[in-house]
Each structure stands twice: as C-alpha cells, then as structure tokens.
Amino acid sequence: MSRVYNFSAGPAVLPEEVLQSAADEMLDYNGTGMSVMEMSHRSKAFEKIITEAEADIRELMNIPDNYKVLFLQGGASQQFAMIPMNLMKNKVADYIVTGQWAKKAYQEASKYGKVNKIASSEDKTFTYIPDCSDLPISEDADYVYICENNTIYGTKFKELPNTKGKTLVADISSCFLSEPIDVSKYGIVYGGVQKNVGPAGMVIVIIREDLITEDVLPGTPTMLTYKTHADAKSLYNTPPAYGIYICGKVFKWLKAMGGLEVMKERNEKKAKILYDFLDQSKLFKGTVVAKDRSLMNVPFVTGDEEMDAKFVKEAKEAGLENLKGHRTVGGMRASIYNAMPIEGVEALVAFMKKFEEENL
Ligand code: PMP
C-alpha cells in the first residue's frame with residue numbers, strides 16, 4: 001500500500017488511524033455482525049454512535065448547553081437557503097462577501113429577503129479580509145453572515161466582525177475543528193464536514209436554541225426547518241449515518257491528539273513552514289495579504305501558467321497530489337487540514353525548493 005500526501009481542498013485527507021479503524025470494523029461493527037452502513041439508524045448500536053459523536057464534539061468545541069448540534073444532509077450549500085428561511089423574521093440580512101462561498105450564500109439569501117452586502121473584498125480578487133470593526137449593520141438585520149475561512153482564496157477572519165449586537169452566522173467548513181472557537185459569539189456556526197472532519201454528504205450545524213422556531217418563512221419545507229431536526233435529535237429521517245460514524249471517530253482522534261488547542265499549535269507550525277518558504281522564494285509567491293492568511297488553505301503562484309502546470313504535474317509524480325488551484329483562480333493551493341501530517345508539508349517544501357533550483 002502506498003498513500004500519497006493529499007493536499008485536496010475537499011473531500012480531503014482523513015487521519016490514517018480513523019480509516020484503519022473503520023476498515024477493521026467494516027464487516028462486523030463491534031460484534032453486531034454488520035457494517036455501520038448496513039444498520040438501522042434506530043438501532044441501539046447507532047444510537048450509541050450518534051450520542052457519543054455529539055458528546056465528543058460538544059467537549060472538543062466547548063459548546064454551551066443552550067446550543068443544539070445537528071447532523072444534517074445537503075452539504076454546506078443547503079445552509080445557504082436554510083439560514084434565511086429559518087432566520088429571516090424581518091426579511092433583512094447583512095452579508096460580508098469574502099469569496100465565492102460567501103457570494104453564493106449572499107445570492108441564495110437574496111431570494112428570500114432584502115440582503116445587504118455590507119463589505120466585500122472582491123475588488124482585489126478576495127485576497128484580503130475587509131476591516132469589519134465598524135460596518136453599516138442594518139438596524140433590522142436578522143443576522144450578519146460571514147464565511148470564516150475562504151477555501152478558494154486562502155483567507156481567514158482573525159477577528160470576528162463587530163455585528164453591533166446582531167446575530168452572527170458563520171460558515172466554518174474549511175476551518176472546522178482546526179482551532180478553538182468561542183461558540184457563544186455565534187447564533188449559528190456550521191460546516192460541511194468533507195474538509196476537516198469526515199466524508200462528504202453531511203453538514204454539522206451548531207445553533208443557539210432561541211433561533212430554532214416554528215416561525216419560519218412561509219413554504220419552508222419540513223426538511224429545511226431547523227426545528228424538525230432539533231426536535232428529532234437529527235433522526236427525523238434517515239441521517240447520514242456512516243458519515244456521522246466517521247466524524248465520531250475523527251472527534252475521538254482529535255481528543256486523543258490533545259484537543260483543539262493542540263491542533264491549533266500543530267496547524268500554526270505546519271502553515272509557518274509553508275509561508276516562511278513562500279516569503280523567501282524567488283519562484284513561488286503567496287497570493288494573500290499576510291495578516292489574513294489561512295492556516296488551512298495556502299494558495300501560491302509562480303506568475304507563469306505553464307510553470308504552474310509543470311509544477312502540479314511533477315509534484316503529482318512525486319506523490320504530492322491535488323495541488324492545482326481552484327478552477328476559477330488557477331495557480332496552486334495546498335490544503336493542509338488537521339489530518340495532513342507535518343511530514344507532508346515538509347515534503348512539499350522540499351519539493352518546491354528542488355523545483356525552484358531546477359527552474360530558475
Ligand atoms: N463553504 C465553504 C467555505 C466551502 O469551502 C465549500 C465547499 N468547498 C462550501 C461552502 C460548499 O460545500 P458543499 O459542497 O458541502 O455544499
């Protein structure tokens with residue numbers, strides 16, 4: 001067996017221990033004589049899996065008691081609609097647009113009410129995070145929306161915006177569980193799990209209880225109402241059961257690693273190796289304003305499209321996979337999520353050094 005270093009932005013690398021443990025349990029989960037894929041979501045065995053998964057994520061993220069944790073389907077994109085449908089009581093929301101995912105969320109919400117783009121970094125191809133300390137927050141805004149880590153552009157909010165008392169909603173898909181956050185600062189924090197947490201097909205929504213109501217926009221489907229899932233403890237219908245099981249294993253892996261403070265230190269160390277190299281390189285350069293750099297997604301370019309393509313091709317041959325930048329921006333991007341070992345980043349930098357020597 002030979003595994004590559006996989007720098008994919010998502011679906012992405014998972015901890016080997018988790019994959020191995022799932023493989024060991026594939027045919028017979030814990031003496032049940034069946035795989036988790038084959039068992040009823042109402043069985044005792046699955047009930048234990050989902051209960052433990054919730055307890056573990058609560059512990060890892062220090063989630064206050066007045067928040068619900070929902071394991072849902074539809075990916076992060078479904079939340080782009082679910083959030084306005086459930087939260088728009090005044091039919092007004094403020095969006096900070098720092099990349100394509102925030103823009104898509106903004107466009108989707110615009111179908112349901114008056115949506116204001118109160119800040120944007122589109123003027124410089126989303127290479128920075130705008131100053132959000134004193135934005136024109138709407139008096140009657142139901143919430144203020146951000147995408148906290150911008151997967152495509154490699155920027156991250158280092159400070160949360162000043163929402164002037166309004167509910168903050170954040171997409172944390174690409175920085176989920178990469179460092180501690182203060183959940184109490186958000187009304188909703190959510191993420192697709194296929195980057196830092198588990199297999200695709202599932203989104204985790206952490207939502208303050210007072211935001212879970214029957215007072216949703218007329219016509220909101222039952223399945224898109226938070227209350228449906230909160231009341232049924234994510235078992236209103238068949239949940240993404242295998243995904244929940246793998247996420248649960250990742251939570252246990254994170255706890256064994258020492259929790260989110262330790263992951264943050266590890267992630268800072270990994271990102272520094274790559275950014276330090278980029279900052280002195282004569283061939284490669286990072287594309288993001290230094291203070292807004294993401295710990296998870298690191299875009300870089302040579303400035304020459306042919307050279308970029310050569311790099312991606314030769315890196316792949318050297319076992320460094322999925323380094324091509326997003327199709328809309330080009331260049332390269334290394335996603336270095338929790339499960340990317342430090343050796344992977346060191347191997348990438350060693351390869352970049354060699355490539356630079358050969359091509360300058
Ligand atoms: N938000 C962010 C920050 C993302 O990176 C992505 C996916 N790359 C999405 C939302 C959309 O996720 P999904 O494909 O799960 O709908």
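Cβ coordinates come from backbone N, Cα and C, glycine included.
Keep in mind that TrEMBL annotations are predicted by a computer and have not been checked by a curator.
Taken from TrEMBL, the feature domain 'Aminotransferase class V' applies to 4-348. According to TrEMBL, the L-glutamate binding site annotation covers Arg42. Per TrEMBL, pyridoxal 5'-phosphate binding site is recorded for Ala76, Ser77, Trp101, Thr151, Asp171, Gln194, Asn237, Thr238. Under the heading N6-(pyridoxal phosphate)lysine, TrEMBL lists Lys195.
For Asp171 (pyridoxal 5'-phosphate binding site), the Cβ neighbour count at a 10 Å cut-off comes to 30, with all displayed protein chains included. Checked against ligand 1, the binding-site residues Arg42, Trp101, Thr151, Asn237, Thr238 give Trp101, Thr151 in sequence order as having a Cβ less than 6 Å away from one of its atoms.
The C-beta environment of Asn237 (pyridoxal 5'-phosphate binding site), restricted to residues of the same chain at least 6 apart in sequence and closer than 8 Å, consists of Met223. Confidence annotation: the domain 'Aminotransferase class V' (4-348) carries a mean pLDDT of 98 in the model. In the three-state DSSP scheme, Ala76 (pyridoxal 5'-phosphate binding site) falls into the helix class. Around Ser77 (pyridoxal 5'-phosphate binding site), the C-beta neighbours below 8 angstroms that are at least 6 residues distant in the chain are Lys104, Gly192. Note on proximity: of the recorded positions Ala76, Thr151, Asp171, Lys195, Thr238, the one nearest Arg42 (L-glutamate binding site) is Thr238, by Cα distance.
Counting other C-beta atoms within 10 Å of each candidate's C-beta, the recorded positions Arg42, Lys195 are led by Lys195. Put simply, the residue listed as 'N6-(pyridoxal phosphate)lysine' is 14 Å from Trp101 (pyridoxal 5'-phosphate binding site) when counted between their Cα atoms. For Thr151 (pyridoxal 5'-phosphate binding site), the count of additional Cβ atoms within 10 Å of its Cβ stands at 26 [all protein chains shown].
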